[in-house]
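Step one of this worksheet: look at the structure below.
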Amino acid sequence: MTFTIAFLAFSVGRGLLSRPNRHVASRKQKWLVMLSGTSMGFTNTFYILSLAYVPVAIAAVMMMQSVWLAILIACVMNRKWPSITQTISVITILLGTVLATGLFPLHQAVSFKGMGLSFLSALAYALTIQFTGNVGQRLHPLTKAQLMSAGALLVVLIIWVPTVRPLQFSAGALHWGAITAFFAMVLPLTCFSFFMPHLSLGIGPIISSLELPASVIFAFILLDETVTGVQIIGVTLIILAVIITNVIPVRVAHRYQQMGQ
């Protein structure tokens, strides 16, 4: 339901907010963007499957491997090494993730199958980050988001529909489905489509790591969950890593500019 609502929302938004005669794309380009959207469906699928074998903390830590995976993919595609600042930030984010998720101490044996599935989820998410920034750049961002959500919906329908019972629609299901669709699909994919093409190499994946601190903060505020001191340290490390990655290069560039004057 979440992916269906997201696709419908993008379709309506594309029709209302965009000029119909702008950013006309070829059929081949549309199919390519739709194909790239399947990575979102695989992200969701692999992550859900992994939860049957590993705790949420382990799945979350493995999922955050998408940060360095996305940077690695970008480096290979652009034939450019990441900066020292970005490398340090990635290491800091991974350390912060371990602390923020409360991974240790482990109370059960780790399933390598579950870790493998969650790693595949991270790889799919890393591809999503790259696709939103590099595929279909001549398309209107809402058109690209609509096509990518269609690709994700197709994957979810093919994989999950045969395993579920006939749907029973209710006001409650539609209500929570709409909320989930907005925060899990519509808002992130819209922001990715609009802004990811404007970010330099490696910045997008690092910024996307803020989703973990956000989830911890909202779990504390909305769900009244207990947040430990170790988790607060982890969240702080992730936020600091994102700030450092974006602030230091700007200050260095500004200093060189002043020296040149």
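Cβ atoms here come from the backbone N, Cα and C positions, even for glycine.
Under the heading transmembrane segment, TrEMBL lists 46-76 (among others).
Long-range contacts of the transmembrane segment (88-106) within its own chain (CB-CB distance under 8 A, at least 6 residues past either end) are made by residues 56-58, 60-61, 64-65, 67-68, 71, 82, 206, 209, 212-213, 216, 228, 230-231, 233-238, 240-242, 244-245. If you look up TrEMBL, you'll see 88-106 (among others) marked as transmembrane segment.
Taken from TrEMBL, the feature transmembrane segment covers 112-133 (among others).
Per TrEMBL, the feature domain 'EamA' maps to 113-246. Per DSSP, the domain 'EamA' (113-246) is made up of 109 helix, 0 strand, 25 coil.
The transmembrane segment annotation in TrEMBL covers 145-161 (among others). Long-range contacts of the transmembrane segment (145-161) within the same chain, counting only residues at least 6 positions beyond its ends with a Cβ under 8 Å from a Cβ of the stretch, are 3-4, 6-7, 10-11, 13-14, 30, 33-42, 44-45, 131-132, 136, 139, 185, 189-190, 192-193.
According to TrEMBL, the transmembrane segment annotation covers 173-195 (among others).
What TrEMBL records for 202-223 (among others) is transmembrane segment.
Residues 83, 85-86, 88-90, 92-93, 95-102, 202-203, 206-207, 209-210, 212-213, 216-217 of the same chain lie 6 or more positions beyond the ends of the transmembrane segment (229-249) yet place their CB under 8 Å from a CB of it. Residues or ranges marked as transmembrane segment in TrEMBL: 229-249 (among others).
Panel annotation: around the transmembrane segment (112-133), residues 33, 36-37, 39-40, 42-47, 49-54, 58-59, 62-66, 69-70, 72-74, 77, 144, 148, 189, 192-193, 196-197, 199, 204-205, 208 of the same chain, lying at least six beyond its termini, place a Cβ under 8 Å from a Cβ of the stretch.
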